[in-house]
Amino acid sequence: MHLFNITQLHPVNIGILPHNNDLILLHRWEEHSKQNLVKSNGGKPFLTQKTTPQGFQTNEYADAQLQEIVRKMRERATVYKEKLKDPVLSSPEGSPTASEAKPEEDHYCDMLCCKFKKTPLKKYMTYLQLPDSIDSYTDRRYVAWLMLVTVAYNWNCWFIPLRFVFPYQTSSNTIYWVAIDIICDICYLCDLLVFQPRVQFLKGGDIISDKVEMKKFYHSSMKFRLDVISVLPFEVLSIFFGFNPAFRANRMLKHNTFFEFNDRLEAILDKAYIYRVIRTTGYLLFILHINACLYYWASDYEGLGSTRWVYDGQGNMYLRCYYWAVRTLITIGGLPEPQTLFEIVFQLLNFFLGVFVFSSLIGQMRDVIGAATAGQNYYRSCMDNTVSYMNTYSIPKVVQNRVRTWYEYTWDSQGMLDESELLEQMPTKMQLAIAIDVNFAIVNKVDLFKGCDTQMIYDMLLRLKSIVYLPGDFVCKKGEIGREMYIIKQGEVQVLGGPDGTKVLVTLRAGAVFGEISLLAAGGGNRRTANVVAHGFANLFILDKKTLNEILVHYPDSEKLLMKKAKVLLKEKGKPAPGPPVQQPRGLAGLFGQKQETPKLFKAMLGGKGKAGLAKLLQLKRERDIQKPEQEEKKPKPEEKKLPEPAASSAPPAQKEEPNADTKPKPPAVMHRGTTNESLIISMSPSPTAGEGEILKVEAKEKKRK
């Protein structure tokens, strides 16, 4: 380890740099400070220093740090200058970004030949630690505890009547029954002393989480009184009267916890109707269980096997009594007739109770199943009404099949026909919370909306509409006026182009955005430049221009920013696509320049390309030569006709100029048509008037025939 001492350190020049109005302290040492730096290793200086032209020493580390600070200051000054030049580009409130959580340290456990990930013990202890106050609506640990108490409650409800009536509890197995009873009592006591006094409650709309207030509220409720009665140890009477399960009947008074567990569990389940069906079935089975216990008690009272109506004591006593209870309570019939007055009264009460209970349970089951299938029934009703409407107006079968396909896919994919109907029932804040979780990640990827006011994006999320497109449906067509922006929520779309409009240019998948420029295009909207077709079933979000304009009225800064970005995007979209690369000629041909294109006027005169056009022109000339003698006979003095200027010429007519005395008059810039015996000569001469281009001349000459 090297030690060094700095005995004298003289800050010679400490200044304030005017750049960026920041203080930069420049420490410079005099030349004699070098002697004060002592190093124990051979007397060598610890800090490497270099001599500047001014004759003083500079510390390289301090100089590097100062240069880094200056660089950062300049970058910050550049950013502020840009903001001062264009304040619209800087938004007062940036878009929220997802907080990057630090990756947790992985813990692995080596056990035998396998290695698996385990959760650290501290995390378990933190999760299992009992909080000072419990939110009964959101805390899953409280629901788990209520489930444990509910199991103990059901144990008492089912087995106390069973042990009281049937002779299943004997002296040899009493210790096992008592052990389970003690465990259930411990659960009751923990719920009474630990959990229930910590449950939050509402008072005037405020959530009360104070320990004293929560305990006072629980102690003043009816639930507390029933919980206290349910844990009273009436088993002490067994010392005087012998052990009897009837002394535990007070354990069945803790029914409030059972119903609270049902409500909390239904609130967190995705398909709560399944649990409702199971719970209703459990009610029916419990009533049949109580009826079976009463039948065995009545048979024991009359005497087992004394009459044909009572239980004869053969086989499994509980199953036979339960079978009798099922046939009696559900009024199936086919049972032996009661003989005595007690049997007749018991059977009559059983029939009346069975009709009432069974009809109530069946009605409750019907309501549960009806509520579970309400959405399905609504979907079927809408589809049947639509099909009936199409049949009334003789809609083609192809269209009807597509309509049915849309109904089926929409229902299967999202479980409803219109999501907005469900969200409209909620307050605006809840709608916004759901929209942010579902759609914000998609909208935040759109470059057009980056830098805009966050509240404007929130308002826009509430206006997005979800639409399902079938395979082959045109999302937009080429030439249409674009008034919407599309965000792909699910599925794929294809952008078609090419000469025939069937070539797939690009395939857009979930999260892609297209048509965003149409939202801000001026002049009634811009036209679509390509066809966009749904490749499969595509679920898209749509935002129309009218809705966006209604939102931007309240956000003028965001409107300016969007207009500026739209102009940039329109310029980028308007640039012509780069054509195919021009191949350079190889060999000696590369020494010469590229051949210039034939003038359009020359092509028009030739009537074609290459030799074919020239041959056609010569053929027309020969036909005119044949017709010439006939015309001379009719007209003794034929006059040459002036050739009109070709329509393809874009040059303006030559202006008339006054001839000078010194110069000869120039021929008019027109072409004459006639026939001669000379060969064909085609030439171009410059126009006499400047700026009018060139004049095409065609002369036909032929050799004289011998």
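Glycine is treated like the rest: Cβ placed from N, Cα and C.
Annotated compositional bias 'Basic and acidic residues' per TrEMBL: 621-644 (among others), in sequence order.
According to TrEMBL, the feature compositional bias 'Low complexity' maps to 645-654.
Per TrEMBL, compositional bias 'Basic and acidic residues' is recorded for 655-665 (among others).
What TrEMBL records for 674-688 is compositional bias 'Polar residues'.
Residues or ranges marked as compositional bias 'Basic and acidic residues' in TrEMBL: 694-706 (among others).
Over the domain 'Cyclic nucleotide-binding' (448-552) the predicted model carries a mean pLDDT of 82. The domain 'Cyclic nucleotide-binding' annotation in TrEMBL covers 448-552.
According to TrEMBL, the feature region 'Disordered' maps to 621-706.
Annotation comment: TrEMBL describes 142-162 (among others) as transmembrane segment. Long-range neighbours of the transmembrane segment (142-162) within the same chain, counting only residues 6 or more positions beyond its ends whose Cβ lies under 8 Å from a Cβ of the stretch, are 134-136, 168, 177, 180, 183-184, 187-188, 191, 195, 199, 245-246, 248-249, 251-252, 254-255, 257-258, 260-261, 264-265, 268, 286, 289-290, 293, 318.
The transmembrane segment annotation in TrEMBL covers 174-195 (among others). Outside the transmembrane segment (174-195), and at least 6 residues removed from its termini, the chain residues within Cβ reach (under 8 Å) are 130, 134, 142, 145, 148-149, 152, 155-156, 159, 163, 224, 227-228, 230-231, 243, 248, 251, 254, 257.
The transmembrane segment annotation in TrEMBL covers 224-243 (among others).
Residues or ranges marked as transmembrane segment by TrEMBL: 273-297 (among others).
Annotation source TrEMBL lists transmembrane segment at 341-362 (among others).
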Inset, instruction - Report the DSSP secondary-structure composition of the domain 'Cyclic nucleotide-binding' (448-552) as helix, strand and coil residue counts. - result: 24 helix, 41 strand, 40 coil
